[in-house]
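According to TrEMBL, the feature transmembrane segment maps to 12-30, 81-99, 106-126, 132-150, 219-241, 261-279, 299-321, 361-382, 389-413. The domain 'Lipase maturation factor 1/2 N-terminal' annotation in TrEMBL covers 127-285. The domain 'Lipase maturation factor 1/2 C-terminal' feature in TrEMBL is assigned to 440-582. The feature region 'Disordered' is assigned by TrEMBL to 656-708. If you look up TrEMBL, you'll see 667-677, 687-708 marked as compositional bias 'Basic and acidic residues'.
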Amino acid sequence: MGETRLPRHMFLFSMAIIYMFAFASLYVQIPGLYGNEGVLPVRMVEPRVDSSRPVLEQIHLHPSLLWLVPRLGLDLDAQQAMELLCLAGALLALGAALLEPLRDSLVFFCLWALYLSLCQVGQDFLRFQWDSLLLEAGFLTVLVAPLNLLRWRSAFRQHDAVTFWLVRWLLFRLTFGSGVAKLASHCPSWWGLTAVNHMFEAQGIPLPWSWFIQQLPDWYLKLGTVGLLVTEIAVPPLYFAPIRCLRLAAFYIQAAYQVKLMFLGNYGFLSLALTFSLLDDDHISYWLGHGKKKRAKTWPQTIMSLMVLLVELAVFAVIIYGTKVLFTLEIDWEAKTMTSKTAFTQQQFGNWLKLVTGPTIWVGVLSLTWEVVAAMLGCVCVRGCPWKLWGLVQWAVIASAAVAVFAISVVPYSSMEQVYSSKILPEVRQAYSLVERYRLVSAYSLDSRMNGVDGRSEVILEGSMDKNTWTEIEFMYKPGNVGVAPPVVAPHQPRLDWQMSQAAQGLAKQSPWFTGLVHCILQGNKDVVRLIQTDSAQYPFSQAPPVYLRASLYQYWFTQTAQDGSGPKEWWRRDYSDEFCPAVQLGDPTLEGMLSQHGLKEKFPIQPIPDSLLAQALRQVRGHVQTLPGHLVLWSLLATVATIWLLKTLLSGVLGGQKAKPTPAEPKAKKAKDQPAERSASASSLKAERENSEESRQDADKSPKKRK
């Protein structure tokens, strides 16, 4: 693979932006989720500091920087400590996004440590696969980024290809693992190729245009299911293809798929950043118009290019033909219908999975070995023995780290096939268990089972003052009112709305946080209410909290297109399904029992509110953003970054234009005569003669550097 300097810069910039959004999105939700009176107060899970134990031992047992706050003498409570970590992470990520020198390995290590610290105490709200993916990608960013802040800049970074390969391996495990998990789950929707028919309706938080996509013909949506499975199962092996054009084709396919997820599903931007590992400098230079000039090819080069083209066409022909055969696609263009079904059984798929799990790992081993050996040869070819020695030292450290990360990543990857998983060396399993708490590697199975085949399940909260008249409590983001269009949320991540949608798949007893939510609403906690509605006019109990609260389970479906083809008057239709939580009130034995069962009763007395300067500053910042919706805060931050980048581009263009602006020949000649007197007369006359001869020979060339 060619040089990857530009793709690495793109990846590092993208990771800085993603970190910034992640910290900022979590910051606006901390008081309601983890505050002293929040849904899951962080002070209840914060372990007591044991001064008898060393700091490193405590961090190893509980890897979170929150435990260092008392030792550093910071007078902050648990909520303010989380806010401090979020603000520090958001500001550091903002600096890395705007300033290239800050895209350093130490900076990204701080960002990873800060986010890991928050996830360690985040409980159910920070246990999504997206958080695991960000932590693993963030750790790889530490290895990919240069170490410049310590002035260890080296012109010979031959190991960059090795660390960037780990990003490609993560992309493979994410896409291929998710695709295999869909079929391995034996979900009828994936096997019947009807998953996409329900995907846009059942996704976490639908978008307004999801309604319009749902109205597309069934044959088109079935074709979309086939394309999705092919993209996630057949395309990922091309990431390690020795032919460059196949890797680039895999990039465009995956990038298009991830962009589709961004615009259709409120997510996908982190996966898109991983696809940059498939690019090289030459291709990005071609995008920018700085590509190398094509030279006339000799006949051996022409024959080789034709052979490569034939191989590429053969690979894609096999994929297309295999897709048609395996899914028995038959399209009737006149009737505009398509019939399809999987031509293999679940038993056959299980046998195939046993066959491919081992080879895919060995392909990874061979590909990594190639990159490691190529990096070593690059270090040996450097001129000068000191530089060779320094390059080999760097190579040894980075190669060892890459091999270790790859080895432990095999453990969660092989979990999709139990037979091969049992063959992993015990030493590798032991190493994985030692670092598991740091979430360096994870297993991914996005959308493995398609929920919502019989309708989208939603939990609807209702409050009452007299237990006779019930008023529905609407959330800002998740479906509720059938006449309200789905919102555009990204890049904000409304954790409570996500959990509400997932809780509808089970029982209230299986979601401990739901009991805390009910208790906070009955108490009228303002921070929790702001998670539901920041606009008090939209919250029916803004004047006084409800006396009674209950939760019901409804099934939601998108409405159908009107006969006149007009837009929807009502976006959803719904039917009552079941009771999710009975009517309760404060002091109710049922509610108190659930609070005790889930460990949400008070364990420690609430400490007095800190009044230090840092605590006051944190309260001032909180006061400016607490009344704003989370998505508006994120959009404002995005607009700020875009504006600063635009100004930097314009200023660099203006300053660059001034420096490159040609000057007339006569003033330049005059300037040459006005040189300091220290120069000898012979040197001045010689320089003037050179300038005159240059003007006479090439009058059009006005560049000062060339005349000198």
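Going from the start of the chain as shown, residues are counted 1 onward.
Yeah, the Cβs are placed from backbone N, Cα and C, and that goes for glycine too.
Under DSSP, the residues of the domain 'Lipase maturation factor 1/2 C-terminal' (440-582) split into helix, strand and coil as follows: 34 helix, 34 strand, 75 coil. Residues 139-140, 143, 154, 156-159, 162-163, 165-166, 169-170, 173, 177, 361, 364-365, 368, 372, 375-376, 378-380, 382, 421, 424, 428-429, 431-432, 435, 440-443 of the same chain sit 6 or more residues outside the transmembrane segment (389-413) yet have a Cβ under 8 Å from a Cβ within it.
Model confidence over the domain 'Lipase maturation factor 1/2 N-terminal' (127-285) stands at 85, taken as the mean pLDDT rounded to a whole number.
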